[in-house]
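Let me begin by presenting the structure, written as C-alpha cells, before commenting on it.
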Amino acid sequence: MLSLNLSLKPQHLKLLSCYTDSSAPSIAKKLIKESKLSRDFSQKIQIVDYAPLVQTLSQRRLPDVAHEIFLQTKSVNLLPNYRTLCALMLCFAENGFVLRARTIWDEIINSCFVPDVFVVSKLISAYEQFGCFDEVAKITKDVAARHSKLLPVVSSLAISCFGKNGQLELMEGVIEEMDSKGVLLEAETANVIVRYYSFFGSLDKMEKAYGRVKKFGIVIEEEEIRAVVLAYLKQRKFYRLREFLSDVGLGRRNLGNMLWNSVLLSYAADFKMKSLQREFIGMLDAGFSPDLTTFNIRALAFSRMALFWDLHLTLEHMRRLNIVPDLVTFGCVVDAYMDKRLARNLEFVYNRMNLDDSPLVLTDPLAFEVLGKGDFHLSSEAVLEFSPRKNWTYRKLIGVYLKKKLRRDQIFWNY
C-alpha cells in the first residue's frame, strides 16, 4: 500500500492560501505530483493512504481540493484505503457536501469494510450540524441491513440526534427498526426517549414511552423524572402527574425529596389545602425530612391564600429543623402582608428571620412552573441584576421594596 507525503510543506500551505473555486484541480494535481504517488502511476490497481492530507484539507475548509485528489488518483487506478475513505466522507460531511459524503458512505457500506462506530458517530454529528436528519435515518437503515451487530450503538446515536432536535417521527422510526430486528433498548437509551418525548411530544406519547421503560423493567432516572414532571406541570395535568409519581414509587430515597415535593406542588397549584396538608403528613410518616423546597411550596400556597397562621407555623417548623429561609421564603411573607395592606405587621415576622444574610434562591425551579414568582421575588431579582456589586441583604431588599410600594401608592392617590 502506498502513502502520500503526510506533511504539507511551506510551499504547499502557500499554494492552498491561493485557493479559488476554479483552482482546485490544479492544486490537487500539484499536491499529487510532489508526493510519492507521482512516481507510481501504472495500469495496476493500487491501494493508497492519504487520510492525513484529507484531514488537513478538511480543517482548512478545502473539501473541493480533497475531492479533486480523490478523482485524479482514482482515475489512474490509485484507490483510497478504508482510512482515507472515512477521512474523505467526514471532510465532505463536515463542510456541507452531503451528496459527496453519501457517495463515499455507500461505497463503504457496500464493500467488505465494516464501518467504525467512532467514524459513524462523527458522521452523524456532522449531519446534525447541517440538519440533514434524513441522512442519519439512512445510515441507521443501512447499518440494520448490512451490519446488524452495530445497530444497538448506531441506533442510540441516531435516537440522541433525533430526540434533541425534536425529530420524533424519525426517532420512532429507529425504535421500530430496532423492534423489527429484535434489538432491545438499553436502559440509558430508553430513558432518553422518555426525556425527549416530554420535551417535544404529547403527554400521550410521553406516557407510551414511559410504558416501554416499565415493560422492559428499566428504572427511570432522575433527569427523566424531572422532565416528565415538568411536562405535566406545564399542561396543569396534576392528577396524571400524581398517578405517574405514585407509579414511580414515592419511597425512592436516592431521589431525595423530589417526588414528594412534586406531589405537594400538584396540590398547592390547585390550592387544595387539605390535600396538601395530608400529603405533607404522609411524607413525614414515610420517614422523609422536609427541605427548603418542601416548605416553600407550602409557603407559596399559604401566602396566595392569605393563610397567615399556616405561614407562621411553616416558619416555626423551619426554625426547629434549622432550615434557613431563602428569597422565596421572604417573598411569601412580604407578599402575604403587603397584599392585605399589613406592612406595619411585617417587622414582627421578619425580625425572627435571617434578615442580614445575602439573598439566595435555593428553591427547586419546578416550584415556579405553576406557582410563579411573587412580586417581592421578581422585584428583588431585578434589583440584584441592576446593581450586583452592592452587598445586598434581605433587610436592604425589603427596604427598597417598601419604598417602591409607598411611592407607587402616593402616585396613585395623587391622580
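Heads up, the Cβ atoms here are built off N, Cα and C, so glycines get one too.
Keep in mind that this is a model prediction, so the values were computed, not measured.
What Swiss-Prot records for this protein:
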REPEAT    46-80  repeat 'PPR 1'
REPEAT    81-115  repeat 'PPR 2'
REPEAT    116-150  repeat 'PPR 3'
REPEAT    151-185  repeat 'PPR 4'
REPEAT    186-220  repeat 'PPR 5'
REPEAT    221-255  repeat 'PPR 6'
REPEAT    256-290  repeat 'PPR 7'
REPEAT    291-325  repeat 'PPR 8'
REPEAT    326-360  repeat 'PPR 9'
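In the predicted structure, the repeat 'PPR 6' (221-255) carries a mean pLDDT of 95. According to DSSP, the secondary structure content of the repeat 'PPR 2' (81-115) in residues is 25 helix, 0 strand, 10 coil. Counting same-chain residues at least six beyond the ends of the repeat 'PPR 4' (151-185), those with a Cβ under 8 angstroms from any Cβ of the stretch are 117, 120-121, 124-125, 127-128, 131, 133-134, 136-137, 139-141, 143-144, 192-193, 195-197, 199-201, 205, 212, 216, 218. Counting residue by residue with DSSP, the repeat 'PPR 4' (151-185) contains 27 helix, 0 strand, 8 coil. Under DSSP, residues within the repeat 'PPR 8' (291-325) fall into helix, strand and coil as 26 helix, 0 strand, 9 coil. Tertiary proximity for the repeat 'PPR 3' (116-150) is limited to same-chain residues at least six positions away from its ends with a CB under 8 Å from its CB atoms, namely 86, 89-90, 93-94, 96, 98, 101-102, 105, 109-110, 157-158, 161-162, 165, 167, 170, 173-174, 177, 181, 183. Residue counts for the repeat 'PPR 3' (116-150) under DSSP (helix as H, G, I; strand as E, B; rest coil) come to 30 helix, 0 strand, 5 coil. Counting residues per DSSP class in helix, strand and coil order gives 21 helix, 0 strand, 14 coil for the repeat 'PPR 9' (326-360).
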